[in-house]
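> Relevant sequence annotations retrieved from TrEMBL are reproduced here:
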BINDING   Thr310, Asn334, Ser527, Arg588  CoA binding site
BINDING   Gly386, Glu387, Pro388, Asp410, Thr411, Trp412, Trp413, Gln414, Thr415, Asp504, Arg519, Arg530  ATP binding site
BINDING   Val541, His543, Val546  Mg(2+) binding site
DOMAIN    26-81  domain 'Acetyl-coenzyme A synthetase N-terminal'
DOMAIN    88-471  domain 'AMP-dependent synthetase/ligase'
DOMAIN    535-613  domain 'AMP-binding enzyme C-terminal'
MOD_RES   Lys613  N6-acetyllysine
Amino acid sequence: MTQAHDQLVPVPDAAVAGTSCTLEQYREMYGRSIEDPHGFWLKQAQRLNWVAPPTRVGDWSFDPVRINWFADGTLNICFNAVDRHVNAGRGEDIALIFEPDDPVADVRKLTYAQLLEEVVRMAGTLLRMGVAKGDRVTIYMPMTIEGVVAMLACARIGAIHSVVFGGFSPDAIAGRIEDCASDWVICADEGLRGAKRIPLKANVDAALKKVSVRGVLVVRHTGGEIDMTEGRDHWYHELSQGVPAECPCVTMNAEDPLFILYTSGSTGKPKGVLHTTGGYAVWTETTFRYVFDYRAGEIYWCTADIGWVTGHSYIVYGPLQNGATALIFEGVPNYPEHDRFWRIVDKHKVAILYTAPTAIRALMREGDDWVTRHDLSSLRLLGSVGEPINPEAWRWYRDVVGKSRVPVVDTWWQTETGGVMITTLPGAHAMKPGSAGRPFFGIRPQIVDNEGKVLADEDKNVAAEGNLCITASWPGQARTVYGDHDRFVQTYFSHYKGKYFTGDGCRRDGDGYYWITGRVDDVINVSGHRMGTAEVESALVLHEKVSEAAVVGYPHDIKGQGIYCYVTLKAGEEPDDDLARELRNWVRTEIGPIASPDHIQFTPALPKTRSGKIMRRILRKIAEDDYGSLGDTSTLADPSLVDGLIAGRKNR
Ligand code: WTA
């Protein structure tokens, strides 16, 4: 099982000094978290401020599926992220630093006291608009301070936020508004990415032609021209005039919903993953604290967007509950030039950088000069998330960016897990390039084969490769799919009874390190964004000229995986480059730019079994340019089709 790159990179000395967790402590704490989860999590929970401290801890079952944590506790997560720091005399600490898209535009810094003022103003404005506890509020915002403030303001008044990434189309927004019956939208006039304007309000207007809401709160950001609908749309700077200077935090039960976040699965439309308040608060506070080993005064920068779970847990709730200083960046890594990230690290003296392999690979390709011309000596820790990181990119990240002196944490987790599940801890674990590492406190990974036979359990030190399950609940686990608990049960708990199935393949080596090998379902990971192949297929077949479509992932140098579409046209339609372009744009408008197909291959038919099932395995192999192992094609209704598909692929 040992592979060439499967070697231990020792913990740098600098990481051990002052660490919150050494290897010995990790072992002791991990052991305790498994043997006595009640005592362990009750102790972690004490770092938070509770209105009524919990006496109950994990109360859950995976069969039937029912998950509760800290269920008799009450608290408000916004209070924990903002107010309590101010109350404790840390109001002058910097909470957020905003680095705009335009590198010469003004940086904005907000202390915790100022953040509190902003959140109170937004919360008061939401109340004035009519938002009530339990209402769903759709947030469609650029990466600005107001995006973070909008989330915290919802949490403050007990409204459930549903953040929709700014790269999603009007149709995608409408679908998400409809699914959770959201009555309210918070958006900005426009966003900025690499000097391009993103028409956020116009997209919301287009979405609201299909579904209706009671109110839209519009934050002025670029000052661009937008339309306002009388009675429905309100400018934030107008409606917030004269709102009370105080807005108390609503006391929430630990199991009251905090947010919904839509994520792609292997079938159907995106699911509204639901997270609740208390467990998520404890989980994000604890994981941030130990994984990033945060030290007072440091600048922490997570390059994700608040539209993804990484932004929720590690731009907003994790760092702010820890009283950290978090940098938020509106722009993109290559604007105005390929050194934007390194400029920012230098300019703000960033100590902890948390980004995605796709960004690392894209920047690596531009050459080391962009990096080495900047002073990156402030960096103390590097993090990676979103997809498996190839050892080459890992080494570049550590050696060129981190000058071989800082640890890299490769954090494996999911929207559904709320926070980091498998990672090395910076002062505790030697690293292996390409391996996420070891389970976080309380996490019990298990590797099973397709039939459910257990191949490796965390407490038995064996090597194995198979499908990754988690056998015990943890505080940050998603509780349900909003409005569809059956789908939650079906998706995550039906493959292997009594276990949470992650959808990921995984190898565990003899040292107990976990290596995520990628999705084993029909989900592809494009630039760290989860995309259901079924979603892209449904978008394609909505086009009037398309008869059928099958979409698969294939290895892509920068994005990790690219989107490969096989398309058959209706009788009489002619395939050509113009149509391919048109279809690509079509998918962009249906789902959003993030779902843009990388390649469209027209084919007279799709390979199917005699019972009519599309043979995706074959399509995947062909897209991967791997024809030697197509396997048995004799079950195909028309085996001759395969030659044509291969010829088409080679012509690319
Ligand atoms: C993948 C993002 C390998 C994995 C936090 C997972 C990773 C999916 C890693 C979740 C990693 C995330 N190594 N694979 N460090 N991190 N993944 O819900 O396939 O957007 O199931 O959450 O990303 O994506 P999601």
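Just so you know, glycine gets a Cβ as well, placed from its N, Cα and C.
How about a rundown of where these features are and what they're close to?
Its own atom aside, the Cβ of Thr310 (CoA binding site) has 26 Cβ atoms within 10 angstroms in the protein chains shown.
Residue density at Arg519 (ATP binding site): 18 other Cβ atoms are found within 10 A of its Cβ, drawing on all protein chains shown.
All chains included, 21 other C-beta atoms sit within 10 angstroms of the C-beta of Val546 (Mg(2+) binding site). When secondary structure is read from DSSP and collapsed to three states, Val546 (Mg(2+) binding site) falls in the strand class.
Sorting the domain 'Acetyl-coenzyme A synthetase N-terminal' (26-81) by DSSP state (H, G, I as helix; E, B as strand; all else coil) yields 24 helix, 13 strand, 19 coil.
Summarised as a single figure, the pLDDT of the domain 'AMP-binding enzyme C-terminal' (535-613) averages 95.
A simple way to gauge crowding: the CB of Lys613 (N6-acetyllysine) has 11 other CB atoms within 10 angstroms, across all the protein chains here.
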> Closest to Ser527 (CoA binding site): which of the recorded positions Pro388, Thr415, Lys613, going by Cα position?
Pro388
> For Thr415 (ATP binding site), which of the listed recorded positions (Val541, His543, Val546, Arg588, Lys613) have their CA atom within 10 A of its CA?
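Passing the 10 Å Cα cut: none.
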> If we count other C-beta atoms within 10 Å, could you say which of the binding-site residues Asn334, Thr411, Thr415, Ser527 has the fewest?
Asn334
> Quick one: DSSP breakdown of the domain 'AMP-binding enzyme C-terminal' (535-613) into helix, strand and coil?
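Helix, strand and coil residues of the domain 'AMP-binding enzyme C-terminal' (535-613) number 24 helix, 27 strand, 28 coil.
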> Given the recorded positions Val541, His543, Arg588, Lys613, find the one whose Cα is closest in space to the Cα of Pro388 (ATP binding site).
Arg588
> Which of the recorded positions Gly386, Pro388, Val541, His543, Arg588, Lys613 have a Cβ less than 6 Å from any atom of ligand 1?
Gly386, Pro388
